[in-house]
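As structure tokens, the structure follows; a few thoughts come after it.
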């Protein structure tokens, strides 16, 4: 039986022994001390905790990739009616817009219809927004057209425009799909709204300027030409205006007049607002239908011969059905040629869609998933090229129309897709007579909403002037250069501003304001006055408790009322609030601010005398050497003009202050430090408010250590560093590793390895049972492993009297027993601990405090 047991347990015990040896070797390599870790008694988070937390969430479920699973089983007739109305309404806008936007992309009109169909059909499967409509958009169409122009300029005649457009769409879809699959949608947060508005405004102006020649019937080159040159050339060519302008200007004027009238009518007669809305939505389709009929009736007399010449430019043949289906051309040469255009294309796809989805999600009270939205864009553009589509993303104008039409679910996109496919197969013959000037009017009218108003630009200036200049740079660069350069400039400027803010965070030196609660009590007389007569009552003021509020003491901060008196901290105490993370990028700046403030507000404990001039440091040379000065003046003949040399009769060496030794001159006329006339206090403590600090790193902790050394060297004594509102266990761990928090001047903690999970504590009953079992087994078991929970004792109690447990005043044991060497003495069984917030014991980490008030109280109590 014993042999069988040994055979069964032998491999397991061998594995445990090897694991234990490997652990000991690893601890010896990194210099970890088990006794020190146990004696500290401070629970520290471990890397294992981080790994478990990072990978604790389950894999995304199928419903996360296909959100329609959540709501499709509850679909009903009322939802269906709303989706039917919204889907048809959007389709009436989408069909003419898609053909217009295809021309922006230097493609035939049918490619816009293909993109419209694929976008609305696929998006409904992955949508987390009921309002967003995916399809051709103005800015992406412009970017695609510019990319096609550049590729054809470098490789003339090698590929057709539709091949280049399909390849761009496929690669953009693959990138967006990968970003969404990896859950990297947060990268879109690094581009602020002013930057997006800047290049969108510049792009809208570029698009409108490029459509002016078609609107007026002018012969002006727009491909590959800067916007400002297009505007200038269009003005020069105005005398060439022809009959196309009659169709274009009529359509543009009609669109704006109808919209203005409907907006006025909705305000004037609110009950008819929905009617006016649908009239406004139908204006695009109505003007195209009317001008197409007029064009057909007028051009019939010119329809002579196989190639008739018409006096106006019309759309002409639009093939019926999907004539360009097939696998997209993705040969290596083409991919290499379009690679430089991909970054801008992907940025436009991401930003425009996410911005629109988040905006309408906030308006209509639902939350979108950016990663899922990127998946939807990716799949749309991966599948779209097989149908002949080019790049598609969310459209602002059509999304707004869809939301106002009463859409209930993403199913409305399928209704729109059905109408688009009917147009592809049944209405292409009617598209032949659509005037191009009318399509240009539709484009100009649509992109007008993308231009930021002067009011919006002024809001950027009021909120943050630097962001206003980013917005302005995006507009100007896009107009005078190109859309891709405009995007790069706005993004680079935004990231540069972000880095500057990170590297130069704002911190506040705090003072104290005593605030009392004042309440007014009104007591009425016994006889209530008659109604309408003056009431009589006794008013008394009740003063509540007084509390201390910490506010910035800088007058220029502008954060408090000047009439409120802010008391500075006690002499020799500084309170500093960090308003950002403490990381390597800003640690040096924060260190300079703290050290400079300490040297400005406090003085050293004594003064320094140098025995000889050679003992001075180079950065405090003292008075000039009289012999060198004489020689210099003799050579330059300066002694004749300036007289005798000062300091010749100075027989002794001057007294040099500690601040001069530190290389920092007195501030603003302060008296020389260290002298008898210096009334400034000696620095005793610095309190840090870490309530806004979310992260620290090795460089920042080392910088804090350097700051402590600098101020202690300056003051000539130990300086206490107190930390308030340190809520993150990882920040506590970093501070402890740097020697902060414990208050021990003779010990620097370099690493405290985790003994147990940091978040578990024992109840008093469980502690009692653990102590009883430990006392019974103390003789035969010197060390025991921690299984599920642990308490901790003060280090002084362990070292002085080796008590097995610490007790409260009432005799209740507070922690499990610990041995004299710091090891835990526990029994065989410990029940699961109770998860409670981590509260630091004062005797273990006396320099970690819950708030600033307790930190200041601890400092003043010690003094």
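Just so it is clear, glycine is given a Cβ too, placed from its N, Cα and C backbone atoms.
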Transmembrane segment per TrEMBL - which of 334-357, 358-381, 382-405: 334-357
Per TrEMBL, the range holding transmembrane segment, considering 107-126, 127-146, 307-326: 107-126
Intrachain neighbours beyond the transmembrane segment (468-500), with Cβ under 8 angstroms and 6 or more residues off its ends: 139, 142-143, 146, 190-192, 194-199, 201-203, 205-206, 226-228, 341, 344, 347-348, 452, 457, 460-461, 585
Result, the transmembrane segment (334-357) in contact with the transmembrane segment (107-126) (3+ CB pairs under 8 Å): no
Listed stretch, out of 77-95, 243-264, 276-299, 334-357, 411-434, that has the most CB pairs under 8 angstroms to the transmembrane segment (164-184): 334-357
Contact set, same chain, for the transmembrane segment (411-434): CB under 8 Å, 6 or more residues outside the stretch: 75, 79-80, 82-84, 86-88, 90-92, 94-96, 98-99, 109-110, 113-114, 116-117, 120-121, 123-124, 127, 130, 133-134, 288, 291-293, 295-296, 299, 314-322, 402
Overall pLDDT of the domain 'STAS' (571-740), taken as the mean: 76
